[in-house]
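Q: Feature annotation from Swiss-Prot assigns repeat 'PPR 1' to 238-268. If you look up Swiss-Prot, you'll see 272-306 marked as repeat 'PPR 2'. Summarising the annotation, Swiss-Prot assigns repeat 'PPR 3' to 307-341. Sequence annotations record features per position, and here Swiss-Prot assigns repeat 'PPR 4' to 342-376. The repeat 'PPR 5' feature in Swiss-Prot is assigned to 377-411. Positions annotated as repeat 'PPR 6' by Swiss-Prot: 412-446. As annotated by Swiss-Prot, repeat 'PPR 8' applies to 482-516. Residues or ranges marked as repeat 'PPR 9' in Swiss-Prot: 517-551. Feature annotation from Swiss-Prot assigns repeat 'PPR 10' to 552-586. Per Swiss-Prot, repeat 'PPR 11' is recorded for 587-621. Positions annotated as repeat 'PPR 12' by Swiss-Prot: 622-656. The feature repeat 'PPR 14' is assigned by Swiss-Prot to 692-726. According to Swiss-Prot, the transit peptide annotation covers 1-32.
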Amino acid sequence: MAALLYFPKISSQMTSSHFISFSPMDLRRLSRASYLFTRRLKFIAKSRKCFHTSRYLQQCVHRPDKSEETSSDRHLHERLSSVLSKRSLDYEQCKQLITVLSPLEFDRLFPEFRSKVNPKTALDFFRLASDSFSFSFSLRSYCLLIGLLLDANLLSAARVVLIRLINGNVPVLPCGLRDSRVAIADAMASLSLCFDEEIRRKMSDLLIEVYCTQFKRDGCYLALDVFPVLANKGMFPSKTTCNILLTSLVRANEFQKCCEAFDVVCKGVSPDVYLFTTAINAFCKGGKVEEAVKLFSKMEEAGVAPNVVTFNTVIDGLGMCGRYDEAFMFKEKMVERGMEPTLITYSILVKGLTRAKRIGDAYFVLKEMTKKGFPPNVIVYNNLIDSFIEAGSLNKAIEIKDLMVSKGLSLTSSTYNTLIKGYCKNGQADNAERLLKEMLSIGFNVNQGSFTSVICLLCSHLMFDSALRFVGEMLLRNMSPGGGLLTTLISGLCKHGKHSKALELWFQFLNKGFVVDTRTSNALLHGLCEAGKLDEAFRIQKEILGRGCVMDRVSYNTLISGCCGKKKLDEAFMFLDEMVKRGLKPDNYTYSILICGLFNMNKVEEAIQFWDDCKRNGMLPDVYTYSVMIDGCCKAERTEEGQEFFDEMMSKNVQPNTVVYNHLIRAYCRSGRLSMALELREDMKHKGISPNSATYTSLIKGMSIISRVEEAKLLFEEMRMEGLEPNVFHYTALIDGYGKLGQMVKVECLLREMHSKNVHPNKITYTVMIGGYARDGNVTEASRLLNEMREKGIVPDSITYKEFIYGYLKQGGVLEAFKGSDEENYAAIIEGWNKLIQ
């Protein structure tokens, strides 16, 4: 009854009994009165179904006989045929027709009068019905329209309809198939009786071509899905369209699928030279050159003559596999078939030969192509330059560049970028910088790789000003150097004292909107803390958190280490608390930094207490943390406690390393307990831990201090037998020992040996030698060494002068030192005396 509310003229003449007498078809047509009516009265469909299936009502309701329904269909058929056969669309007639039409009725009737349809009028009808009335045509109806448009040579219109259909931009009557792509192909195939073979081929051509060209990202896969559907229904696309499909697959690097599709194509059409060439290209690019050569032979056996492109494809494939002899055979075969090699042929050969480092053959081909009237173009020269760069022949690449310029060819951005890559690989920072400047001045596009390579090279050569200038050029072009390069640059700037530049660069990146990663920020924090610029480091830490950037454990460890280095333990422990609050668990390195900081402040008890607290909080001490505790105790002259930590370490099965042993050995040597030190050295050897240079330094120095110099000399020789070369500290310890014993001849021997081994004396070496000669009464040699020391830029300290004067005092007083002294000695004595009394 709700229908009567929408049709007052009908309702005035009809009663409910009339409404009940409507057939299902009448109700369906009535429901098409308007789109609004259809939506509001969805419930009628259900009630109508129930109404007409009720056994009681089936006996009461009047049903029209078949002749009435046939008459109604004939009338609708005539109206549709009349509207769609006109030269232009009658809007009013169309509107009236749509109100009484269902999609299924149109789908059933449309093929019957297709021969009378004007394709343009039908297109307008479809547009009006779908766009203005949301009329849902079936897929078959759309495909029939596409076929009619193609039959009328209205290819563009047919293409637009198909694209809108694929994109889902038109309402479509739902079909049973889940995959709409297959459904469209299936609908086209179902119209085989409606069109001749040519139109069916055009339809399949259009579908494949639209998928491949309109949907570039995954269109070839869509086309590949529908291709078997069409092929199995006998709707084979043309050879041209098949080639479009195969080419699309090659461009998508789907070489195997291309070869499989080629096999399907061969079942429906006889491949021509283009199809064969595309398949050969797929085999070559897929690394199946042998299959490509076989297909080439099969092509010739089939009577299909290869063209220049076919030969070039095979030659390129053979070249990529290093089979250049066969490639040259195919080149000769080209000539035998009456085809001259082209510029592309020669370019392929030159590029492949240079990459294979067959430079002589490459030059031979280059000369041949010039003789044949194919002067190399920019692409050929660029390939040559690139190949030489890859082969490590930078000089040859530069020669080719010069030859290119002499032939009147201009360098391209590709040429510049390739040469820059070559200069960077060879570490030629000046040339790389010059070329990059030249590129920028010309206005060429510089790729990110060139910028990055040059900036990295400049940083390694400490040319930071140039590096920063190029970073500025990158930022002007909204190019980010990347986290790795930025980290390297900031680390380099900080390492060489350019902290203000590093700070400026860091802020510049943030203000430009680029994301600065945690590793880069950590590099800046490390540089500032290492330089003692804690205020700047604290400011950066606040900026990081204020901008919502991330701080990790490394960030906090860096700040804690910086605070401990400047003896700001309160701030260090404050960062520890903040670190924990942010959910970052301190690691052993964190604890070790703080323990070391406490020891450096002579807070030994606090360090031991903190160690115990850390263990209670879950710290599992490792060799590094034990090393810090042992070193701290030993430096605080609490060697016994250091030994206790060593014993605890062994009981916990934490294996000590050379550094741990060295801490204890050095402490025992300083306190004169050589037996304990030597015992530890034997323990090291027993455990397979080799003593290092520092181990022998402590032992030799310890022996020399207590005048056991000959034993120290034996350790010195033992060290050499272990493969360790003595350094200035070992020589100095022995010289000091012999000097105190007055054995200056042995001192001189050691000094000569130092010179022969290119080991240069340091301040301590000179001091102990001066003291030895002064005590021995050799004032002249002591003065000479003092002057030599100054000449080498080593500044004497108070200990040096003390040793110098002490020798004179031992010989009879300072006044005696002046007797018989020349001007140089006199000045040295006066200066030494002044230093002592200051």
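Numbers here mean position along the shown chain, with the first residue as 1.
Using N, Cα and C of the backbone, Cβ positions are placed for all residues, glycine too.
Could you place the listed features in the three-dimensional structure?
A: Assigned with DSSP, the residues of the repeat 'PPR 1' (238-268) fall into helix, strand and coil as follows: 27 helix, 0 strand, 4 coil.
Tertiary neighbourhood of the repeat 'PPR 2' (272-306): same-chain residues 239-240, 242-243, 246-247, 249-250, 253, 255-256, 258-259, 262, 265, 313-314, 316-318, 320-321, 323, 326, 337, selected by CB-CB distance under 8 Å and a gap of 6+ residues from either end.
For the repeat 'PPR 3' (307-341), the list of distant contacts is 273, 276-277, 280-281, 283-285, 287, 289, 292-293, 296, 299, 348-349, 351-353, 356, 358, 361, 369, 372: same-chain residues at least six beyond its ends, Cβ to Cβ under 8 Å.
If you look at the repeat 'PPR 4' (342-376), the same-chain residues 6 or more away from its ends with a CB under 8 A from one of its CBs are 308, 311-312, 315-316, 319-320, 322, 324, 327-328, 331, 334, 383-384, 387-388, 390-391, 393, 396, 407.
Confidence over the repeat 'PPR 5' (377-411), given as mean pLDDT on the 0 to 100 scale, stands at 85.
Counting same-chain residues at least six beyond the ends of the repeat 'PPR 6' (412-446), those with a Cβ under 8 angstroms from any Cβ of the stretch are 378, 381-382, 385-386, 388-389, 392, 394, 397-398, 401, 404, 453-454, 456-458, 460-461, 463, 466, 470, 473.
Helix, strand and coil counts from DSSP across the repeat 'PPR 8' (482-516) read 26 helix, 0 strand, 9 coil.
The list of residues near the repeat 'PPR 9' (517-551) in space but at least 6 beyond its ends in sequence, with Cβ under 8 angstroms from a Cβ of it, reads 483, 486-487, 490-491, 493-495, 497, 499, 502-503, 506-507, 510, 558-559, 561-563, 565-566, 568, 571, 582, 584.
Residue counts for the repeat 'PPR 11' (587-621) under DSSP, helix first, then strand, then coil, are 26 helix, 0 strand, 9 coil.
Panel annotation: around the repeat 'PPR 12' (622-656), residues 588-589, 591-592, 595-596, 598-599, 602, 604, 607-608, 611, 663-664, 666-668, 671, 687, 689 of the same chain, lying at least six beyond its termini, place a Cβ under 8 Å from a Cβ of the stretch.
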Q: Could you tell me what the rest of the chain brings near the repeat 'PPR 1' (238-268), counting residues at least six beyond its ends with Cβ under 8 Å?
A: 201, 204-205, 208-209, 212-213, 219-221, 223-224, 227-228, 231, 274-275, 278-279, 281-283, 285-286, 288, 291
Q: What is the three-state DSSP composition of the repeat 'PPR 2' (272-306), stated as helix, strand and coil residue counts?
A: 26 helix, 0 strand, 9 coil
Q: Going by DSSP, how much of the repeat 'PPR 10' (552-586) is helix, how much is strand and how much is coil, in residues?
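A: Each residue of the repeat 'PPR 10' (552-586) counted once, the result is 26 helix, 0 strand, 9 coil.
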